[in-house]
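Listed features, source TrEMBL:
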{"type": "REGION", "residues": "1-46", "note": "region 'Disordered'"}
{"type": "COMPBIAS", "residues": "1-10", "note": "compositional bias 'Basic and acidic residues'"}
{"type": "COMPBIAS", "residues": "21-46", "note": "compositional bias 'Basic and acidic residues'"}
{"type": "REPEAT", "residues": "82-118", "note": "repeat 'Pumilio'"}
{"type": "REGION", "residues": "148-169", "note": "region 'Disordered'"}
{"type": "REPEAT", "residues": "488-524", "note": "repeat 'Pumilio'"}
Amino acid sequence: MLSKAEDKKPQKGGGKKRRHPGEDGGGERKRRESPKGEKGQGGKKRLDALSVGYFRRVGERLSEGFEDDEEREMFVENVLTEVKGKAALVATDRTGSITLQRLLPLSSPQQVGEVLAELGGESGSEFKAVSCDRCGGHVVESAVRQMSRWMESSEKESSPPTEEEGEESCGLLEAQVLSFSQVVRDNAAEFIRHVHGSHVVRTLLHVLGGCLGPPRTETRPGGKERSIPPQLTDFEIPTSFWYELKDLTETLMENINLSVTDAVASAVFQTMLTVCHRKRPKLCKQLLRRIMEYLTSRSAAPGVSPLLVFLKDQASSRLIETIIQLSHKPLLRGLYKNHLKGQLVDLALHPIANFPIQRLTAASAKYKLFLRIFDELVQGVEAILAAGHMGVIVQLAESCAESEERQDEMMQCLLNAFHCAEPGSRHVACLPLFMSLLTYEVYYHSDTTEGNISTEIPLTSICYHGSRLVQALAKFKERSLLLSSLRTLSPSDLLSMATDPAGSHVLQALITTSSDKGRGKILKRLEGQYVQMACSRLGSRVLEAVWNSSSVGQRQSIAQELVPSESQLRADQFARHVWAKFALSHFAHRRAHWQEIQTGESKKRKLFSDILE
């Protein structure tokens, strides 16, 4: 109950005690409510209103925090006493679910095991209903995730616990996770196709493998899923989990057909491969080989690889993307040679298949295979640009930078595609064209083939993929074309770049990768813009990056321009950080000391760069 923990500290919260119905030991509350809950629409049992209110107040109390471990432990124990006997009702109620998800990480492994034991019932058969519930699934996930704390007891104790004590502390939770995994294996097809149940299976795979990402949060329908994968944290697992993971993967492989027809099931297989690649690399190789054998053995039109059909399907293409990312060299080579050779441009033009082609281009960068992929894709660059699949072009440039191969060919191909290769006087226009992804004629509103730019067009429409493309090109060995083009931009254009969400990354990349001499030429063009850059959220970040890569003399020039605007800089929410980081007060009043500090930093930076090289 809430009051038992709170009565110890009557002064907390302004001296007011919060008493809720039934906090005198629970007798009154239990008389007023039905232990079985209320029936909602369709006859489904629901948590009664009094209990919903109680768990809402528990959530509020959790937000306040606790003064010590004893108070927290007493509070958790009291609330879990209330949960006992109706755990499934609490877990499948929206308020109860949210509260339980917050409470379980504060509970001991033994307490979490007890909650799971009740949710699963005597045989574990009730796990399925709770896991496939929109709210209940989150609770089961939260409970299973607590297995990452199974070594806590031995770390907290000054002397390590005996084996019996360790089993007593975490044995129940381990047993319940294994029991749940058995239920998943018995009902694998239903679990992995279920929109909520599949998430629980994915969490189970992570836990059995011994690695966890951040807890899942509800996402809005239609939200972008192609984001950066979450960082995983490894933890120790009991030996039983190693065997269980092998058994679970075997069961999932029996349902491999679902991975290519159902997007939800496909996501489970992707998780399985990702976890095994990280924790069981040998097992992962076996799984990759078996999945590829299945995909390539399906019937298709005579002479056509079935893989070409799967690559164009929403569910199976995601799975193939994961396979490509995790594949070892022989598998990648076989994939290209036997199924994709001669088809890359057509696939890159497809609205779905272009994504696996991006993964293939990225994965091949460290092998000679990239040369063959590049030579094939480069033939269709203009068509791919016209289709708007800029991810393929950007990845091609990034792989050229990583492999240090085909860089000159890539640059020449882009100059041709954006119509600024001939005559040579158009080369200086390449940077605005690449950043805006517009051809020369469109950007300069020119229908003629004359080489000279007739009018100066203010820099506009810098786009995300254009920014990514130039950032990749900035890593090439030969960057003179980009730098020459940058130096033709007016100071106002450079300021526009510095303060643009996409352009700021380009300017930062080009300046910081330049030689001292090249950087000096760019900084000369930026003179007069430093104060406005410092007062911009994005511009201030560019200015800091420029400062960190500049020589002492270049820093001095920047400081000389900034110091006269001291009052403006100190008053601005972004520029005041620039003022402090650049030590401009020292520059204004103790120049010799400032010079000494900057020279020391410059020497230290050079020393580290020499070591890294």
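We number each residue from 1, going along the chain as drawn.
Backbone N, Cα and C atoms are what each Cβ position is placed from, and that goes for glycine too.
Keep in mind the model is a prediction, meaning the values are calculated, not measured.
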Local confidence of the repeat 'Pumilio' (82-118) - pLDDT mean: 91
Beyond the flanks of the repeat 'Pumilio' (488-524) by at least 6 residues, Cβ under 8 Å: 428, 431-432, 435, 456, 458-460, 462-464, 466-467, 470-471, 474-475, 479, 482, 532-533, 536, 538-539, 541-543, 545-546, 548-551, 554, 557-558
Residue distribution over DSSP helix, strand and coil in the repeat 'Pumilio' (82-118): 30 helix, 0 strand, 7 coil
Helix, strand and coil counts within the repeat 'Pumilio' (488-524) (DSSP): 27 helix, 0 strand, 10 coil
